[in-house]
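Under the heading domain 'EAL', TrEMBL lists 299-335. Among the features that TrEMBL reports, transmembrane segment is placed at 28-52, 72-94, 101-127, 133-153, 165-184, 190-208, 220-239, 251-271.
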Amino acid sequence: MDSTGPETTQKIASTPLPFDASNGFYRWLPLIVLIFAIAYGWLLAALTPQALGSVHWLSSLETGLPQDLMALVRQVFIGGILAFALLFNLAVVFMLQRPGLAWLSVFMAGVLHCQLVLEQFGLWFIWPDQPQYNALLHISLPLCLIALCEFTPHFLPLGRRSRRIIHVISLLAFLHLLATPVNISGVGEASFLGLALAGGAFILLVVLSQIRQHVLARYYGLAFLAILVGAVISFLHTTGWAPSTSFAESAFFLGAAAGSVILTTGAASLLSSAGAASANDSRGLPGYDPALTERQDQQQRLMLEVENGLARNSMWLEYQPKVRIRDAKVRSVEA
């Protein structure tokens with residue numbers, strides 16, 4: 001792992017962020033990727049639906065009304081939470097004028113499509129006459145991995161080596177997305193699962209290496225833990241190792257929504273406390289400086305130590321006023 005000492009933090013702070021407003025192309029990169037993925041999936045579904053192949057874990061899904069009213073209510077509730085997380089993130093992106101946070105919106109859009117497919121709600125209500133849209137999981141799943149990887153360097157102060165590794169994982173996921181219509185040996189669900197596990201493990205190691213030094217890593221670690229717990233519960237439910245309950249069926253989507261809300265809230269609060277402009281100011285936010293946040297944390301810890309010392313009577317304040325003596329001969333003397 002990269003060093004997170006003061007020198008490295010200062011070096012990272014002096015380097016422009018990949019999605020800073022000064023970099024014109026990267027400012028709109030999340031939106032470009034999302035539009036490309038939607039257009040690419042629409043083209044494949046409309047022109048060559050047979051090229052998408054079959055998704056093994058969707059072979060048992062059939063068009064039809066959910067079994068009971070509670071299942072329908074649960075599906076609508078989960079979809080509403082995901083949509084709220086997506087809209088909340090978009091609102092923060094526009095209010096704070098931080099386009100890099102839009103990668104989280106790309107992630108939520110992919111998760112929302114996965115929920116519509118795996119919960120059968122999309123096939124039953126939104127696209128009942130277009131079952132090939134279910135097979136677009138080949139696109140939405142790599143899109144989730146790309147968005148999570150590209151969001152990490154924007155949210156955490158990473159070294160050059162860590163950023164390169166994460167970008168390589170993101171590039172491999174993008175190549176996997178492009179190879180969807182082509183029957184290439186070795187490229188499929190197993191290869192994507194291995195890539196996703198490798199990328200998630202590396203991001204988790206990066207977060208754990210910085211969780212004591214950076215407040216941002218704590219937000220990210222909590223959000224990543226919510227997503228991971230949801231994914232594990234869903235995996236155990238799919239394999240039959242966990243009881244079949246409504247919570248287990250929707251655990252991954254609940255975890256993804258909770259993680260998105262945590263990341264968006266953390267980014268908004270930290271960016272606002274790092275010298276953000278007032279609400280009625282038309283200027284954009286200044287560039288995020290990890291070194292400034294670290295100094296603010298040190299000042300807060302020092303103030304807490306002083307307050308605790310005063311409360312325990314192990315520290316006290318002495319006030320020594322200056323006395324000025326004036327007379328006709330001496331203008332002023334300080335004692």
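Quick reminder: no glycine exception, Cβ is built from N, Cα and C everywhere.
Listed by sequence, the residues of this chain that lie at least six past the ends of the transmembrane segment (190-208) yet keep a Cβ under 8 A from its Cβ atoms are 1, 141-142, 145, 148-149, 152, 156, 158, 162, 165-166, 169-170, 172-173, 176, 217, 220-221, 224, 228. Each residue in the domain 'EAL' (299-335) has a pLDDT score, and their mean in this model is 63.
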